[in-house]
Amino acid sequence: MGSKTPDGHRQGPNESSTGGTIAVLNPPKSASASGLVQDASGEDDEDGDDDEEKAGTDLNSRAQPNNDGKKRKRKNNKKKKKKRPLSGQQTTPPRVALSSIFSGQRYPEGEIVKYVTNDDNLQRTTAEELRHLSVVNNMDDTFLSDYRQAAEVHRQVRRYVQTIAKPGISMSELAQEIEDGVRALTGHQGIETGDALKAGLAFPTGLCLNNVAAHWTPNPGTKEVILGHDDVLKIDFGVHVHGRIVDSAFTVAFNPVYDNLLTAVRAATNTGLKEAGIDARIDHISGEIQEVMESYEVEINGNLIPVKALRSLSGHNILRYKIHGEKQVPFVKSKTTQRMEEGDVFAIETFGSTGKGYTRDEAGVYGYGLNEHVSATGLRHASAKSLLKTIRENFGTLVFSRRYLEHMGVKNYHLGMRSLISNDIVECYAPLVDVPGSYVAQFEHTVLLRPNCKEVISRGDDY
């Protein structure tokens with residue numbers, strides 16, 4: 001594209017006929033005739049001053065009288081030399097090739113704006129994909145072996161427990177039998193430092209009676225509770241091998257009045273297991289569970305009471321050394337976009353109640369769990385620091401109870417525990433109850449979503 005010729009620029013004699021005409025009408029004069037002298041430096045105007053401008057200057061200088069008798073200095077009208085651009089700098093207007101300015105083709109960066117980390121739409125790999133990759137990578141050569149070992153321990157222990165869970169037994173005795181059995185069968189007593197993290201109990205043994213839905217365990221120094229004929233008892237305990245947790249629960253009742261309640265909950269759990277699978281929508285599974293559960297009724301004292309699915313509890317996925325993951329499987333129809341994925345491990349459990357179907361926290365302590373995202377730098381009490389060290393070395397992110405601490409020989413831990421709880425370093429879990437006079441039942445299994453099949457790892461011939 002042609003560019004406009006700058007003003008005052010004279011073309012060469014071979015470039016234009018106009019330039020030739022000017023040369024004829026105004027023939028060039030010698031330097032002495034024109035009165036033009038060279039610069040003190042001896043340099044001529046390299047740009048070539050216009051002849052007309054030189055002549056005009058000469059005439060003006062002659063016309064003006066010299067009053068002081070001295071030769072007046074002629075004003076220098078020469079144009080300033082164009083400065084050549086320094087190396088690495090651009091001209092104005094820009095005409096220097098960038099390759100001459102930026103060595104090695106290293107050009108300036110633009111504005112760097114980091115992606116918002118919690119916006120999956122702006123990330124190449126979404127949080128869901130990262131979670132899936134983490135789960136799949138977790139399925140190493142020992143994955144199935146560890147899970148099957150933990151499941152077999154659970155089956156053998158609960159088979160014995162079902163023979164002794166009869167009216168008249170205390171909850172403390174029943175819990176001790178379960179915990180002793182798990183420690184014996186895994187080969188890890190959990191007394192030496194770090195031994196409980198290799199294999200053993202995955203969380204406090206749950207022994208919940210009647211309207212107590214979940215999270216109750218006998219604690220040292222509390223009033224003894226005895227199992228009665230008209231009680232509905234939920235037995236929920238977990239076994240882990242190298243952090244692979246098997247979570248399974250069942251309900252026992254001796255009065256046939258509650259048979260329909262147990263049947264409803266067992267059927268609902270089996271429905272959840274049937275619908276579970278890779279890419280299964282969790283909202284669909286929840287809807288199917290609720291439909292089956294709430295199709296049952298229980299007759300108590302001549303009154304037909306519909307079985308209600310608990311709305312404040314849910315099934316959940318299981319992570320290594322973490323009983324509760326990020327996914328939940330409610331027992332009622334819910335709006336969620338979550339799906340089950342290959343490599344997921346789920347605890348499919350259901351709770352059915354003759355009460356309101358909602359739970360609330362009750363006074364008491366079920367267990368404790370370390371909050372790994374909270375810093376402990378602000379701890380001042382030596383007892384709290386010592387207890388925190390014990391928790392990290394022996395339980396990590398596993399939930400534990402007072403009974404587990406005392407089994408290891410830990411004493412005088414109450415003050416330190418209060419300090420850890422008040423600083424949010426340790427979470428405290430309370431029992432969950434429905435309305436008084438109601439009855440709640442529970443059944444639960446752990447299922448592995450393997451690439452080519454699902455394996456209900458805790459299934460036995462009992463339930």
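Count begins at 1; order follows the chain as displayed.
Placed from the backbone N, Cα and C atoms, the Cβ positions cover glycine too.
What Swiss-Prot records for this protein:
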{"type": "BINDING", "residues": "His215, His324", "note": "substrate binding site"}
{"type": "BINDING", "residues": "Asp236, Asp247, Glu444", "note": "divalent metal cation 1 binding site"}
{"type": "BINDING", "residues": "Asp247, His316, Glu349, Glu444", "note": "divalent metal cation 2 binding site"}
{"type": "COMPBIAS", "residues": "1-12", "note": "compositional bias 'Basic and acidic residues'"}
{"type": "COMPBIAS", "residues": "41-53", "note": "compositional bias 'Acidic residues'"}
{"type": "COMPBIAS", "residues": "58-67", "note": "compositional bias 'Polar residues'"}
{"type": "COMPBIAS", "residues": "70-85", "note": "compositional bias 'Basic residues'"}
{"type": "REGION", "residues": "1-96", "note": "region 'Disordered'"}
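Features recorded in Swiss-Prot, as mapped to the structure shown.
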residue : record                               : DSSP class
His215  : substrate binding site               : coil
Asp236  : divalent metal cation 1 binding site : strand
Asp247  : divalent metal cation 1 binding site : strand
His316  : divalent metal cation 2 binding site : strand
His324  : substrate binding site               : coil
Glu349  : divalent metal cation 2 binding site : strand
Glu444  : divalent metal cation 1 binding site : strand
Using the CB centroid of Asp247, His316, Glu349, Glu444 as the divalent metal cation 2 site centre, which other residues of the same chain sit with their CB within 8 A? Asp236, Ser248, Ala249, Gly315, Ile318, Phe346, Ala347, Ile348, His445, Thr446
Would you count the other C-beta atoms found within 10 angstroms of the C-beta of His215 (substrate binding site) for me? 24
Cβ within 8 angstroms of the Cβ centroid of Asp236, Asp247, Glu444: which residues besides those meet this for the divalent metal cation 1 site? Gly206, Phe237, Gly238, Ser248, Ala249, Ala347, Glu349, Gln442, His445, Thr446
CB contacts under 8 angstroms to Glu349 (divalent metal cation 2 binding site), restricted to the same chain and 6+ apart in sequence, sorted by sequence, are Asp247, Ala249, Thr269, Gly315, Gln442, Phe443, Glu444, His445
Cα of His215 (substrate binding site) to Cα of His316 (divalent metal cation 2 binding site), in Å and rounded, measures 15
Candidates His316, His324: member of the binding-site residues with the richest Cβ shell (10 Å): His316
Taking only same-chain residues 6+ apart in sequence, whose CB is under 8 Å from that of Asp236 (divalent metal cation 1 binding site), what do you get? Thr205, Gly206, Leu207, Cys208, Ala214, Asp247, Ser248, Ala249, Gln442, Glu444
Which residue, out of the binding-site residues Asp247, Glu444, shows the minimum number of other Cβ atoms inside 10 Å of its Cβ in this structure? Glu444
His324 (substrate binding site) to His316 (divalent metal cation 2 binding site) - Cα separation in whole Å: 6
